[in-house]
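For reference, the structure is listed below as structure tokens.
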Amino acid sequence: MAHFLIVEARFYAHLNDMLVAGARAALEDAGHTCEIVTVPGALEVPGTIALAADAGRFDSFVAIGVVIRGETYHFEIVAGESARAIMALTMDGIAIGNGILTTENEAQALVRADPAQKNKGGEAAQAAMRLMELQEAYRV
Ligand SMILES: Nc1c(NC[C@H](O)[C@H](O)[C@H](O)CO)[nH]c(=O)[nH]c1=O
Ligand SMILES: CC(=O)[C@@H](O)COP(=O)(O)O
């Protein structure tokens, strides 16, 4: 059994509830435990994971959030920089599944957040579990 931290950027609460439900179900169905920490938005997720990883209490991490395009360039910054920073942490050896949706509109996000549809929260949890397995297999 491993212990996971779900870091949720709670910008759209109703969508996050579905993503977190999907992630939690995947982790618990695999026999793992998890806890959740909430941050304001996707830009705060990578730094929170970095802080939590230093604490040494978690085996792996799941990033959860929803970034929906608005009127300005800010979408590119929030979506792109959160993904880039999470990837950088992964390349540093931190097992992270990225379940931060980046969509054009809420309808697209709803389909992907819903565990009964595309279940991207569960998918991110599966990725986090797989990376943790690979860490155990390859880390000397
Ligand atoms: N527009 C969205 C944001 N924006 C907020 C940023 O993520 C960040 O919290 C703020 O710039 C303060 O540092 N965040 C989302 O998660 N989703 C959005 O659609
Ligand atoms: C992804 C965003 O930052 C977006 O929700 C912000 O909307 P806007 O570009 O209209 O300020």
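For all residues, glycine too, the Cβ spot is worked out from N, Cα and C.
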Of the residues Phe4, Phe11, only one is listed by TrEMBL in the 5-amino-6-(D-ribitylamino)uracil site with Ala42, Leu43, Glu44, Val66, Val67, Ile68, Asn98. Which is it?
Phe11
Close-lying binding-site residues around ligand 1 among Thr72, Asn98, Arg112, where CB distance stays under 6 Å
none
Contacting binding-site residues, sequence order - Leu43, Val66, Val67, Asn98 vs ligand 2, Cβ under 6 Å:
Val67
One residue among the recorded positions His74, Arg112 has the fewest other C-beta atoms within 10 A of its C-beta, namely His74
Filtered by Cβ under 8 Å and at least 6 apart in sequence, the residues in the chain of Val67 (5-amino-6-(D-ribitylamino)uracil binding site) near it are Phe11, Ala42, Phe75, Val78, Ala79, Ser82, Ile100, Leu101, Thr102, Thr103
